[in-house]
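Listed features, source Swiss-Prot:
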BINDING   C49, C52, C57, C74  [4Fe-4S] cluster 1 binding site
BINDING   C117, C120, C123, C157  [4Fe-4S] cluster 2 binding site
BINDING   C127, C147, C150, C153  [4Fe-4S] cluster 3 binding site
DOMAIN    32-91  domain '4Fe-4S'
DOMAIN    108-137  domain '4Fe-4S ferredoxin-type 1'
DOMAIN    138-167  domain '4Fe-4S ferredoxin-type 2'
REGION    1-26  region 'Hydrophobic'
Amino acid sequence: MNAIWIAVAAVSLLGLAFGAILGYASRRFAVEDDPVVEKIDEILPQSQCGQCGYPGCRPYAEAISCNGEKINRCAPGGEAVMLKIAELLNVEPQPLDGEAQELTPARMVAVIDENNCIGCTKCIQACPVDAIVGATRVMHTVMSDLCTGCNLCVDPCPTHCISLQPVAETPDSWKWDLNTIPVRIIPVEHHA
């Protein structure tokens with residue numbers, strides 16, 4: 001019985017010692033992040049699209065801060081993001097890069113081919129917003145109002161019955177920018 005307690009104490013002391021060493025090393029050898037990179041990364045839209053030529057927003061922010069990369073290459077962010085970065089870095093705003101056009105991608109929604117769905121629930125487990133409804137061995141359905149089009153449910157599906165399809169724009173789904181609609185105000189006295 002004493003041998004068990006000695007072994008437990010020895011393993012506990014080893015764990016405590018290694019924990020203390022790791023804690024010290026994490027503080028002693030900590031790498032400081034560049035605050036300018038952090039601020040640029042916060043401004044970028046975080047779409048991780050790669051249209052700027054970098055694999056994501058963070059590498060593009062590092063290239064802007066450290067390597068002097070152009071600030072006008074973010075297509076999803078467009079002119080608004082470029083102006084914020086120019087203000088942050090105190091540089092002249094630049095026109096959008098010819099290749100980087102401000103695009104508003106069509107909203108995509110997952111669609112399940114219910115004839116091929118085997119009800120495995122792998123897509124339900126993968127969906128981060130719980131937009132898929134169904135049960136084991138029962139066909140599943142996507143609630144299009146909740147679906148963000150993130151594409152995370154497509155790969156886990158063993159029968160490949162899930163696809164992303166663009167949502168048709170209707171007057172109900174259109175995002176109206178009321179500031180750009182010309183409005184003429186008619187004085188009240190002319191209404192009678």
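Using N, Cα and C of the backbone, Cβ positions are placed for all residues, glycine too.
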Of C52, C123, C147, C150, C157 (the binding-site residues), the residue whose Cβ has the fewest other Cβ atoms within 10 Å: C150
Cβ neighbour count (within 10 Å, all chains shown) around C74 ([4Fe-4S] cluster 1 binding site): 29
DSSP-assigned states of the domain '4Fe-4S ferredoxin-type 2' (138-167) in counts, ordered helix, strand, coil: 0 helix, 7 strand, 23 coil
Helix-strand-coil residue split for the region 'Hydrophobic' (1-26), DSSP-based: 25 helix, 0 strand, 1 coil
Within the domain '4Fe-4S ferredoxin-type 1' (108-137), residues counted as helix, strand or coil by DSSP: 5 helix, 7 strand, 18 coil
For the domain '4Fe-4S' (32-91), residues assigned helix / strand / coil by DSSP: 32 helix, 0 strand, 28 coil
Check: same-chain CB within 8 A of [4Fe-4S] cluster 3 site center, minus C127, C147, C150, C153: A110, C123, A126, P128, V129, A131, I132, V142, T148, G149, N151, L152
All-chain count of other Cβ atoms within 10 Å of C120 ([4Fe-4S] cluster 2 binding site): 16
Sparsest-packed of the listed binding-site residues (C49, C57) - C-beta count within 10 angstroms: C49
